[in-house]
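Annotated features, as they stand in Swiss-Prot:
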TOPO_DOM  1-11  topological domain 'Cytoplasmic'
TRANSMEM  12-31  transmembrane segment
TOPO_DOM  32-58  topological domain 'Periplasmic'
TRANSMEM  59-80  transmembrane segment
TOPO_DOM  81-96  topological domain 'Cytoplasmic'
TRANSMEM  97-116  transmembrane segment
TOPO_DOM  117-122  topological domain 'Periplasmic'
TRANSMEM  123-130  transmembrane segment
TOPO_DOM  131-154  topological domain 'Cytoplasmic'
TRANSMEM  155-176  transmembrane segment
TOPO_DOM  177-180  topological domain 'Periplasmic'
TRANSMEM  181-200  transmembrane segment
TOPO_DOM  201-204  topological domain 'Cytoplasmic'
TRANSMEM  205-222  transmembrane segment
TRANSMEM  224-236  transmembrane segment
TOPO_DOM  237-253  topological domain 'Cytoplasmic'
TRANSMEM  254-272  transmembrane segment
TOPO_DOM  273-286  topological domain 'Periplasmic'
TRANSMEM  287-310  transmembrane segment
TOPO_DOM  311-339  topological domain 'Cytoplasmic'
TRANSMEM  340-350  transmembrane segment
TOPO_DOM  351-357  topological domain 'Periplasmic'
TRANSMEM  358-380  transmembrane segment
TOPO_DOM  381-388  topological domain 'Cytoplasmic'
Amino acid sequence: MKHLHRFFSSDASGGIILIIAAVLAMIMANSGATSGWYHDFLETPVQLRVGTLEINKNMLLWINDALMAVFFLLVGLEVKRELMQGSLASLRQAAFPVIAAIGGMIVPALLYLAFNYADPITREGWAIPAATDIAFALGVLALLGSRVPLALKIFLMALAIIDDLGAIIIIALFYTNDLSMASLGVAAVAIAVLVVLNLCGVRRTGVYILVGVVLWTAVLKSGVHATLAGVIVGFFIPLKEKHGRSPAKRLEHVLHPWVAYLILPLFAFANAGVSLQGVTLEGLTSILPLGIIAGLLIGKPLGISLFCWLALRLKLAHLPEGTTYQQIMAVGILCGIGFTMSIFIASLAFGSVDPELINWAKLGILVGSISSAVIGYSWLRVRLRPSV
């Protein structure tokens, strides 16, 4: 029990469980004995009916639309905390990770488009390599233990949070279906209620969650991706402490183990089951997977390193204390671990087009993410001396 407690207390535990879930999905999707069960599980219909309201989706969509909204609620809480009290609270603190994140989104997207611009269908996946899996990246960094400078961990977390915020904006602007104005109206009313609750100093988290459920349902029915409701709710839950208690921090503390050990692993299990049947080297080097691999493995570190170098040269920002530019470059490689976030965007980009495209996109994401994890970890292991 002591070893189990130590495992779940470590920063690396969430990343390790994600890896196990993804590997299990790959095995089950490619085994004759389990592939049928795996796909049947994902296609299991689940219906929710409240009065005249009816939501009917399969298990995969419930995981992607409902459970991932909880993940984005946690992201919203983390972004708010960092903006108001943490590593993004001042312009001087925020400048370096913000500039790094911008480079880490622009260059991978451009590199992907260099491969896919001529194809109007695969071109829609331009945002896939722009994402970073914060849990996976921090998990890999945690494997290096105490030799990692605290400032480097904070830099990676801040960069990944800004990256997540960028991904949220991209999803809202570019990956929406036909809009229902009536549902958007209900969503607007729900947001107005959240504003009033916050301004009136309401500190009961349950009230915000209840309004959040209404908001999630309205956003789901509107055509905008429902997970955005989670971020919005997270932004309005009060962060300020009163009598030593902060509703936002308390909810963040409660949600973190559920997200790290259930929601993200379940998402990985549901989405990483890529069938390798018919996969050839020729297929793997086709424009879609190759663009994703290049974006994650080359575009991410190149964009982050280049923009950081420019920021330093132009004196727009400074290196985090106790870190080196080579360590920043290695962190840039770790940010090429797109995994769950990239898979999520791929499902939005190609979900209504062709399941085969999603399969090839997932394969590119897995190759690019695993390569980034191995190379980034190896580089940092060489660059960082064990603490004595």
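Including glycine, each Cβ sits where the backbone N, Cα and C put it.
Three or more CB pairs closer than 8 A are found between the transmembrane segment (287-310) and the transmembrane segment (123-130), so contact between the two stretches is assigned (pairs 6 or more residues apart). The transmembrane segment (97-116) is not in contact with the transmembrane segment (205-222), judged by fewer than 3 CB-CB distances under 8 Å for residue pairs 6 or more apart in sequence. Using a cut-off of 8 Å between Cβ atoms, the transmembrane segment (12-31) and the transmembrane segment (254-272) share at least three residue pairs, counting only pairs 6 or more apart in sequence. Same-chain residues lying 6 or more positions outside the transmembrane segment (59-80) and placing a CB less than 8 Å from one of its CB atoms are 41-46, 134, 161, 164-165, 168, 212, 216, 220, 225-235, 237, 239, 248, 251-252, 255-256, 258-259, 263-264, 266-267, 270-271, 344, 347.
Distant neighbours of the topological domain 'Cytoplasmic' (237-253): 74, 77-78, 80-81, 84-85, 198, 201-205, 208; these residues of the same chain sit at least 6 beyond its ends, with a Cβ under 8 Å from one of its Cβ atoms.
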